[in-house]
Amino acid sequence: MRDFFCTINLDQEEVFRTQVVEKSSSPYFGEEFYFEIPRTFQWLSFYIYDKSVLQKDLRIGKVAIKKEDLCNYTGKENWFMLQPVDSNSEVQGKVHLELKLNELITDNGSVCQQLVVHIKECHGLPLINGQNCDPYATVSLVGPSRNDQKKTKVKKKTSNPQFNETFYFEVTRSSSYTKKSQFQVEEEDIEKLEVRYLLQPRENGNKSSKTDDLGSLRLNICYTEDCVLPSEYYVSLRNLLLKSSDVQPISASAAYILCEVCRDKYDAVLPLVRLLLHHHKLVPFVAAVAELDLKDTQEANTVFRGNSLATRCVDEMMKIVGKHYLKVTLKAVIDEICESPKPCEIDPIKLREGDNAEINMENLRYYVDKVFREIVRSSISCPTLMCDVFYSLRHLAAKRFPNDPHVQYSAVSSFVFLRFFAVAVVSPHTFHLRPHHPDAQTSRTLTLISKAIQTLGSWGSLTKSKLSSFKETFMCEFFKTFQEDKFTESVKKFLDDVSSTESKEPSGLSEPVHLKEGEMYKRAQGRTRIGKKNFKKRWFCLTSREFTYHKQQDKEPIFTIPIKNILAVEKLDESSFNKKNMFQVLHGEKPLYIQANNCVEASEWIEALCRVTRCNQKRLNFYHPSAFLNGSWLCCKATVENTVGCARCTADVPADTQIEIDGDRETERIYSLFTINMSKLQKLEEACGSIAVYQGPRKEPDDYSNFTIEDSVATFHTLKQIIDIVEKLNESHEKYQKKRSSSAKYGSEENPIVGKVS
């Protein structure tokens, strides 16, 4: 029984790690990570560690999946056997070589052949404990009777060493050589010679480990990679999707058809919601699909309780738009619960020896009261877009069930309480309210609080008839203490506020919105006693007002940059300090140089800083991609420190501070989904044609029997447009790929290739 945790690595760079599961031989982590991949990579790896208090954590085993193989495992759970970890198997990177075979004429006129090996550089070598290594290269010429090896100079602290060294090997003997010469190679033996230089495991690696002794790891991986074309290629598909809310009936629209043909609706909902959000078309589309959903709802007390297209769209919208709303509402109280936990177990079966049920109930009541109070007074912070959606849902539900006075409230509470706040309370790490999954006891406390919030938020749940329906008697007893009119009235007022389209008056001095925080390294602004600047670990915090760093979390800031003073945020070349994952914040004083812990974290910080500074009037157009060291800029060699930058600043900053969306990328994803499901589109098109011609009864279930076809003519028309557009985009992709393969570099700005993993 040991303490385990798991890390997620891009190649050998750790980007995430799970909580520690204590005293287990079969740990269940149950954590989800979703991230954009900001660079090229070769392997997605998972390492299982045995946590040690006094010594270095022990790596038990690993699962390594090649980038090319990820598509074989995406979208489904798989068990992977853990493989042994040894230094010889931890290999990654690329080497740039030039090989030549020269013919030389010796002094006596005989011909001798010479192999020339030019080692230019390596790229993407592994980090050692998160830091660059001190690499060198060896080249071996191996044959039946020889093994010649040559070695380059060592390059300090880099994962992209520039060697630029040339080595020479004699590969045939001249007539002047004797059998006693060190070159015992006949001319025909050149075919048997092998130059060894590849970055791959050594043959004498550790082969003794038994993989079946290490256990296995269950993973559910979803990996997508898209080749995004220039924006003009997507005009037709984008316009067809954006006019979906105007199509009558809505089931004949391109957006609705997309969700119908995809096996997993989530695959379609995510890019669709983001695209509609980006172009301000989400609210009318949600209203249209919600109205269709309500047509099939027979009981008022079950409105929006299913897993329909409407509920999924609203769920995804709340996740995207409501991130900051959750933070300003719940983060402080969730931090209190997780960092200073009180026992809250009230289930008699789960009480441990010595537990006091009455005290536990008081503790739980204290937490529930605090969470409930923060929620019902948070309407002022609810994003306008969420309010607009709730307003539509509320009035549609009231129209569908005009004789039920409560349905207008339950239509909203089913989302904002049951699917938003209650879910965030039970899984705070998923919504970035906490860095890691809470421990078992805290998770149980959060589950009880979440159940309470669901009940308090459900309109009319505190009536005696509702309480008697509880499965757990202990929860029924707990809620008897809540039967007060003030709770019902508080919920009613809150739901009225968040489903109103009237503008809410902000308070005089609104609190800054907390955007991101975490530990990173910053280069010292001053000098040490020996005159050398160093890097120090600091806690960084970004709000809508300022960017600060602190010696420790929750301490007063020791350096503050007002957001309005930030002129640019850009990556910093690795060559500046021989460190990876660095970026720079340019402001009125000297640049602030920061090193993130991994590439994903660096990308997220740059994006967050760019979003919040997008409207700064004095943003720079040019910057220096390297540092100013020893009297000159490393990038352009200029000797004046305040000279204008030599590279253009990153363009196309996202237009919305809270919602960062690439419309072309989302459209490309939708195109990919249509392509994957082309056979379904064609069958559906045939079915619509058949229905339009033959109006008689259907005798047998058809392939399209699970699809909603309200108007076969309108649906047929939309399907034809989709198929035509997809076929044209197929041609464009083929042409563009040919052009890219001949001229463009992998992942260049001309043709960005973007990937993401969840």
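These residue numbers are counts, starting from 1, taken along the chain as shown.
Including glycine, each Cβ sits where the backbone N, Cα and C put it.
Automatic prediction, not curation, is the source of TrEMBL annotations.
Look at TrEMBL and you will find 1-80 (among others) tagged as domain 'C2'.
Feature annotation from TrEMBL assigns domain 'C2' to 91-228 (among others).
As annotated by TrEMBL, domain 'Ras-GAP' applies to 264-458.
For the domain 'PH' (513-614), residue counts in helix, strand and coil come to 20 helix, 41 strand, 41 coil, using DSSP. Residues annotated as domain 'PH' in TrEMBL: 513-614.
Sequence annotations record features per position, and here TrEMBL assigns region 'Disordered' to 736-758.
If you average pLDDT over the domain 'Ras-GAP' (264-458) in this model, you get 90.
Per-class residue totals from DSSP over the domain 'C2' (1-80), listed helix then strand then coil: 6 helix, 44 strand, 30 coil.
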